[in-house]
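Only one structure is covered here, and it is reproduced in the block below.
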Amino acid sequence: MPVLTSTFHRKQEITAQGTNQHFGLIFYVLSPGVDVSSADTTCLKKKMHCARVLTLIVLLVGLVHSFSWDIVVAGNKQLEFLHHGTLTHTELIPSVKWITSVTYDAVHYRLLFTDRNYPNVSIYSYDLSTRNIQVLVTRQSTYYLRIVYDPVTQAVYWKEGSSIYSSSLNPSSSNKADGNLFAKLDHFCYDLAVDSCGGYIYWITGNEIERARLDGSEREVLITGTVWLRLSLAIDQQTQAIYWTRKTHRSDDHWSIERANFNGKNRTTLYIVRNAQFALSLAVSKDFIYWQNYEEEGIWQLPKNKTSNATKLHSISSSNCPDCNRVATNYTIEEQIEGVKSCNALQALIPRESNNGSTVSICQNYCFQGECSVSAEGPTCSCKAGFSGERCDVNACHKHCLNGGVCSLNKGVEPVCQCTAGYNGERCEKSICNEYCLQGDCGVGTDGLPKCSCTPGYSGDRCEVNACHNHCSNNAICYLNEEDEPACECTADYEGERCDIAITQTGDRADNTTQQVLRDLRSEASQVIKEELKRILHFSADKLDEYEAKI
């Protein structure tokens, strides 16, 4: 586990138990494994009662766990805590290389931060009560990670180049060791923020601000326009607004801090940051907006009601990292939703005591459609029929029926669909025209049934009848003529309208006809000869028959 060193920068007045003596503390360093025997030596030298010194040590340990802070600023290897503009505490983490981003989990009282130790980047959690540090995600990356946390889903999101990743911190969930890809964007992502009440994640890609549901659906561009860069982004439930920093021109050294409603409407410029190469690390609290002026190496604050000008809160050393997010605020859940009419998601996370002193309200409004119970792992839901999801927030009918189909629950359990005209299938996912007309265009008739308009050469209810099918014989080629009627192109041996007449059979008939004609001609010639013989030679009929027999 990384070694922690705590330093208190403000003088504290501590009263030792059992005595009225006060000890002024300028700073105190406490490391794991400290040898309290040194306290015995100290108390002997100073002639103090050892019990008082041991009590002082206990008080100091308690002080480590209970210091007050408004914002935390990440340095290279340390976390600096400020209260009312004064540096009160520094947490040094020598084992990390470079803290590039930090965010606060107000439910579990812990910080989440990223460490860039090339070629790896890691996401840590730091428990402010126990000072325990835990590695949550480690992956290879050349980018600086920017992280945000959603306490409702217990998921951490981070941007990496043009991609957004996520990892659930719920102990019962299963994750990849290096996180899960949430979205692949078209452009480089500069910053992101989560709307826990609405269930949205927002991000900046240069000129545009987009958002999507936490399941990746309903992605939309909210704000666009020709500017040089939009760099940093923050969400505030109390004002129901998104905040961002914007630079209009590359050559301009002015940045504007702007605000709009969650839907991107009612854009307002709150403040102009002058003489700034970058205005980044944007964060909000109950009363203030914070950012880092990269040029002046300082953290600035501006009241959200803008009744006064911005003031420089804290000086920091340059990190040479315009892509880092170095500021997080101690913005409690109660403060975030104060005055907000409806935010059941965060309201359920606020613990209250019941009459017998036990905490029960963590279940209040936690399960949307089910019964809630609390275990050591947290609240769990037993969903009503037709609902599912960790918080019973997924309706079985939600987006179940497609193409305008109406969903209902069969026996209150299974979703069934009543499809609109022109669609069928279990989820109305199939068009009745899909592959219905084989050779033509399909439409839906007034009776709700598919109707086909066939292409030339086809007929039938589904345009399944080809006019050329079996029309031409003897391997002839069928085609459509100018009237879109089938016609045949015969091979050399056949003829006829459908190429069903063999040319050789036609020739035999011609020969027979010719022979018959010749026979007829001979018969006619023979009769003529006979008549001439009668006339010239005066042959009698008997004499003529005798002559014909001889020849």
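Glycine is treated like the rest: Cβ placed from N, Cα and C.
A disulfide bond in TrEMBL ties Cys490 to one cysteine from Cys478, Cys499, and that cysteine is Cys499. Each of Cys407, Cys428 is a candidate, yet TrEMBL gives the disulfide link of Cys419 to Cys428.
Sequence-distant contacts of the repeat 'LDL-receptor class B' (199-239) (same chain, six or more residues past either end, CB-CB distance under 8 Å): 148, 150, 152-153, 155, 157, 159, 162, 164, 182-183, 185-193, 245-250, 252, 255, 259-260, 262-264, 267, 278-284, 286, 289, 291, 304, 322, 325, 335-340, 343, 345-346. Closest by Cα distance to Cys397 (disulfide bond), from the disulfide-bonded residues Cys428, Cys468, Cys478, Cys490, Cys499, is Cys428. If you take the CA of Cys407 (disulfide bond) and look 10 A around it, the disulfide-bonded residues you hit from Cys419, Cys468, Cys478, Cys490, Cys499 are Cys419.
Taking a C-beta cut-off of under 8 Å and a sequence gap of six or more, Cys499 (disulfide bond) has these contacts in its own chain: Cys472, Ser473, Asn474, Ala476, Cys488, Cys490, Thr491. Between the alpha carbons (Cα) of Cys478 (disulfide bond) and Cys419 (disulfide bond) lies a span of roughly 43 Å. The 10 Å shell around the Cβ of Cys468 (disulfide bond) contains 15 further Cβ atoms across the protein chains shown. Neighbour counts of Cβ atoms within 10 Å were compared across the disulfide-bonded residues Cys428, Cys478; the minimum falls on Cys478.
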